[in-house]
Amino acid sequence: MELSRWKIAVVTLLSAAGMLLPARADEHEHTYVDKEEVVLWMNTVGPYHNRQETYKYFSLPFCVGNKKTISHYHETLGEALQGVELEFSGLDIKFKDEVLQATYCEIELDKAKRDAFVYAIKNHYWYQMYIDDLPIWGIVGEADENGEDHYLWTYKKLEIGYHGNRIVDVNLTSEGKVKLVPNTRIAMSYSVKWKKSDVKFEDRFDKYLDPSFFQHRIHWFSIFNSFMMVIFLVGLVSMILMRTLRKDYARYSKEEEMDDMDRDLGDEYGWKQVHGDVFRPSSQPLIFSSLIGSGCQIFSVSLIVIIVAMIEDLYTERGSMLSTAIFVYAATSPVNGYFGGSLYAKQGGRRWIKQMFIGAFLIPAMVCGTAFFINFIAIYYHASRAIPFGTMVAVCCICFFVILPLNLVGTILGRNLSGQPNFPCRVNAVPRPIPEKKWFMEPAVIVCLGGILPFGSIFIEMYFIFTSFWAYKIYYVYGFMMLVLVILCIVTVCVTIVCTYFLLNAEDYRWQWTSFLSAASTAVYVYMYSFYYYFFKTKMYGLFQTSFYFGYMAVFSTALGIMCGAVGYMGTSAFVRKIYTNVKID
């Protein structure tokens, strides 16, 4: 009784103290009171043409303001992985408090510092800053027409718009061009002007979007073109398969009415002849089921992240898109385990624990392996993209303590709920020999041709996605992306069904890997397109940016291929089960 009284007293005291303390308003709440400090964060600096090659702002010999340093920590995992390196500028900025041009520090320009600035100017270095989470960009300096003399911009003229007690707009004008001469002192100055703005806080990021680019008529036309392709393909598949299958069923029914001698003398051919082998387990079932499980998980992650991005403006927070994707990927691990584990059980696999481990770590190992390789180059370059050791540990912890246990749950559910091999046809003990067929019916040819139409339905959207990631555009039209994802899935399923039908009609029952790889070959065409984009649409250069580009494009293409392969296989599997359920087998 006495203890509970003490608890009540402590809680009451803490509540009273909380009410007496003044309320803090800062950039996390995005609300300010008059004369309250507004922090100007310096983020990164780097070549304009190499968006991902960024360095700490103060890696160039800029000087810092007099104000006391405030440390910044990575608030999200996405921030750390994307190389956000916020450092306090030292500039004294207060809400609604105007500052006339004032010197905040001086640079003692010796030869080494001059050479660093000259190198930055020659390579068109830009820097990025943040005020209240609003990004600002500025250029380091410029050269004269002959390229002999180089000038540094020394005056940062800030104009900040406010709506009520919130900051809604920030503009930077660089002035004060000073020639870089060794052994001189360069004064760095700034000014702050505040102005009322009619822009609402919810709309403050609209100025960073580019509707003329993303909502161009070409974008609309590409969606319409892809949609017409879907209608054409679905109609074609329906007409061909329904008419052809109706003829097949009629022929098989007619054969069943014959006696044994007539049936032996008859010309037997077609997909019915492989009914005893069509549900035979695929070669390498452990790898195959792991790929299918991973593909189903990637599809679910893509769907959920796009829906979240359509509802929430994820581009308004630093690293929020990447953080959301990592969280959703970890949360959807049971999907991987369920589909991978159930398929492995249906195919008679016994080493289900090994399959679970491979399924759980297939995608993380690929991504982390690529990131680890690029990290070595980033460390050599002293780039801000170098992933900190603590972040690596956090990612490993997510893999071992979140993804793996959830994958185990999914695997157990999959094996127990849908792991029984309830095929409509019995599998023969001895595999049927595969007859010779024309060259264009070989699985290798079908695989190479299978990805052309799916790639054709998405390649224009790929241009917009690449441009938003590798150039200075913010992707925000996630409705388009959702439509493209739906179109891609429909086209992929239609193409793989047609490919599988022709393969089975040629009495080749190796349809599992063929359906997966023919859909997954879309990734090869996407990766080939990335080469075209690199050489003809960008001006990237250097080892770091090139390895970063082709390394992560390989990861993106592989993940896209695994997703398309899984979607193609799932659709084809339903088709195969359907046609063999409807035919009578002796």
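Cβ atoms are placed via backbone N, Cα and C, with glycine included.
Source: prediction; values computed, not measured.
Quick look at what TrEMBL annotates:
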type: SIGNAL; residues: 1-25; note: signal peptide
type: TRANSMEM; residues: 220-242; note: transmembrane segment
type: TRANSMEM; residues: 286-311; note: transmembrane segment
type: TRANSMEM; residues: 323-345; note: transmembrane segment
type: TRANSMEM; residues: 357-381; note: transmembrane segment
type: TRANSMEM; residues: 387-409; note: transmembrane segment
type: TRANSMEM; residues: 444-466; note: transmembrane segment
type: TRANSMEM; residues: 478-504; note: transmembrane segment
type: TRANSMEM; residues: 516-536; note: transmembrane segment
type: TRANSMEM; residues: 548-570; note: transmembrane segment
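A Cβ distance under 8 Å defines the sequence-distant neighbours of the transmembrane segment (478-504), meaning residues of its chain 6+ beyond its ends; these are 214, 219, 223, 226-227, 229-230, 233-234, 236-237, 240-241, 244, 271, 274, 278, 299, 302-303, 306-307, 309-310, 441, 443, 446, 449-450, 453-454, 457-458, 461, 464-465, 510-511, 514-515, 518-519, 522, 564, 567-572, 575-576. Same-chain residues lying 6 or more positions outside the transmembrane segment (220-242) and placing a CB less than 8 Å from one of its CB atoms are 453, 456-458, 460-461, 480, 483-484, 487, 490-491, 494-495, 497-498, 501. Long-range contacts of the transmembrane segment (516-536) within the same chain: residues 288, 291-292, 443, 446-452, 454-455, 458-459, 462-463, 466, 470, 488, 492, 495-496, 499, 546, 549-550, 553-554, 556-558, 560-562, 564-569, each at least 6 residues beyond the stretch ends and with a Cβ under 8 Å from a Cβ of the stretch. Recorded stretches compared: 286-311, 323-345, 357-381, 444-466, 548-570; the one with the most Cβ pairs under 8 Å to the transmembrane segment (387-409) is 323-345. 548-570 is the stretch from 286-311, 323-345, 357-381, 548-570 with the greatest number of Cβ pairs below 8 Å to the transmembrane segment (444-466). Beyond the transmembrane segment (323-345), the same-chain residues lying 6 or more positions past its ends with a Cβ under 8 Å from any Cβ of the stretch are 76-79, 285-286, 288-290, 292-294, 296-297, 300-301, 304-305, 308-309, 314, 352, 355-356, 359-360, 363, 398, 402-404, 406-415, 417-421, 566.
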